Amino acid sequence: MVANQDTKASQAPVIQTDNTAAVKAAIVSSETTKAAALTHPLGPLTGEEIIKGADLIRSVWPEGTKLQFKVNTLHEPEKKLLAPWLAAERAGEKPAPLNRKSFIVYTLRGTHNVHEAVVNLTANKVEFNAKLGPFQHPNSVMAELEEVEKAVLEIPEVKAEIAKLGLPEGAVVVMDPWIYGADGLKEAKFFDGKRIMQCNLYLRDPNNSSEEDSCHYSFPLPVSPVIDPATLELVRIDIMPTGHDETIKPFTYKERPANEYIPEAHTMRTDLKPLQVAQPEGASFTVKPFSELGRTLKWQKWDFKVGFNQREGMVLYDMHYDNRPLFYRLSLSDMAIPYGDPRNPFHRKCAFDLGDVGAGLTANNLQLGCDCLGSIYYISSVLGNAEGKPVDAPNVVCIHEQDSGLLWKHTNYRTNRAVVVRNRELVLQSILTVSNYEYILAFIFNQAGDITYEVRATGILSTQPLDLELTEVPHPFGTVVHPGVLGGYHQHFFSLRVDPMIDGHGNQVAYEEAEALPRDPKLNPHGHGYIVKKTVIDTTGGYDLAPSKNRTFKILNPSVKNTVNKLPVGYKVHVPPFQPILADKDSYHYKRAEFADRSFYVTKYAEGELFAGGKYTNQSHGGTGVRSWAERREDLSKEQDPVLWVNFGINHIPRVEDFPVMPMEMLKVMLRPVNFFDKNPALDVPSSKQSFNRSVGLNTEDELAKKVEGLAVSGGEMKGCCA
């Protein structure tokens, strides 16, 4: 479950456009601020710091002790220290440097002994170092996954099971290592409290077995070894059911067609003409390093810092609009993908792609003209590997502008004058490849103060083997997407963590509902009236949408009033409704995916509570995530430092059209100002003009002549729209 990254590419971000010579955006080179590279408390760990942290951990163990590093990332300062530091920095002061620290998770090689530590890089000491308890397993890293993949296919027992399948001569078997999941079963010496991996086997197209990019998901095999990743020892071999129930029966490979996604396997369309995004004067945003790897981004009154780490990937800090504070920290906190097939071994299948592997570790090296169009600025990073060494993560975030239709328009029908303003957006995008699946993740900003978080799911279904003769028979637990291939039903859940500071700290969360008024002979004689009721959330808990009541959640600052109506300034949250997790409340899927049952959780800020599924999701048993924190029922009425967890998702019932690669499915969450400004904040965005946009008309001269005749007959004329 790793990304395919070109680690040889340059780490240094550069702006690349279709017309580099004309670019005039004020992109400031990182070379200008290298002297301050290590001083900012939010700067991602540098390569030197990654090495230093690992060396300090080694120093507390006897010489020669072999360690494998799972996490080596920035340990952010406490909010009570960092919030005033950032305020002082923004005020132009030079606050005293805060200690740089790293958070490190590591194992003793060849064992299941897992430790977490906090290393004070400034003071050159290990401040905290403790062995983890039961059901606290670390994430996987690239080196371990590669070791597992290589070892499994060389195990004699696995080779023997594969031989029973009767595969064609020269067949190439491919293996996807999966996080094992959890079911709590204890059989003889086996218990899922031990960290293990479930290995799914596939076949390359036997008629083209030398093609490394062959879609092996078209040829799933029923043999599924379970391996100990610490010792690389075989635990057991699971045989998958290939029918409609849990029955295990002999499986003999039968010839079936390939189903490829690579372009050379298809006849390409020839009628698609170029669509090129050009900004002849360059981009409208500026990027300035605040540390060696951290970036400050300014665009259209927006001003915020961009960080990047192993688990969350892109993180946004200290967000302001027109010098007014909005959000202290924004990030995708977690995701969970529970599958709905109740049969062994599918019943354990539930991926936590951020906690089990990491958005940073799986981030793509984004390519100009492919993943991002237009005038692009790339952010690169550095991550720690299993040996405690830095590894370049090039082009993990791309930044660009895009046109998104109209932002606002009005035509005065009396004068026929139209005022049109187009919606320019700023996009910060990362793409994750987690084995078979891709997630395209983006923060999108507009000129009216809106922030959109967008998820696009694409990639390839994680497929299951099916008896070939059942291809045309409906299956109870999935959709047949190809002969002998089942796409299992599964749900995708995402949790966006919102740590607000709307016009300053001291916020509250509330929801409003529209309620019909009862008929009243004086006030509501026609039965049309309705009012809006507000409920302030003063205790932590979980909350749901109620579309029939138009329930709308808002983050408010009760201490700051709107200058027009004196209501508290705030931001509201638009989130799509979703079907909550279908696994029952006693199941491990439900216990582990603590954010998959409610649209919102509201918690009281606590240090270290960053991940909705808990710090350690690998084979977790629940009780350490956002549902558990919310159930503390803490008072929010006094200290007023809430964290809002916005949860959303889809129930993926696969289609044939989702195979061999899935056209993207999109979800959006929006944070939108409500009574925050005294009028539409985009009134100062210049009107759309043809002289500025340079669009090209495609109508023929005859068509244009008829249009002019029609206007003459009707007497109509559009004034001032696009002069």
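The chain as shown is numbered from 1 upward.
Just so it is clear, glycine is given a Cβ too, placed from its N, Cα and C backbone atoms.
Curation does not apply to TrEMBL; its annotations are automatic.
Given the structure is predicted, the values throughout are model-derived calculations rather than measurements.
Per-residue pLDDT, averaged over the domain 'Copper amine oxidase N2-terminal' (40-126), rounds to 97. If you look up TrEMBL, you'll see 40-126 marked as domain 'Copper amine oxidase N2-terminal'.
The domain 'Copper amine oxidase catalytic' annotation in TrEMBL covers 276-683.
As annotated by TrEMBL, active site, proton acceptor applies to Asp353.
In sequence order, Ile337, Asp353, Ala457, Thr458, Gly459, Ile460, Ser462 are the residues near Tyr437 (2',4',5'-topaquinone), counting only same-chain partners six or more apart with C-beta under 8 A. The 2',4',5'-topaquinone annotation in TrEMBL covers Tyr437.
According to TrEMBL, the active site, schiff-base intermediate with substrate annotation covers Tyr437.
Over all protein chains present, the Cβ of Asp353 (active site, proton acceptor) has 23 other Cβ atoms lying within 10 Å.
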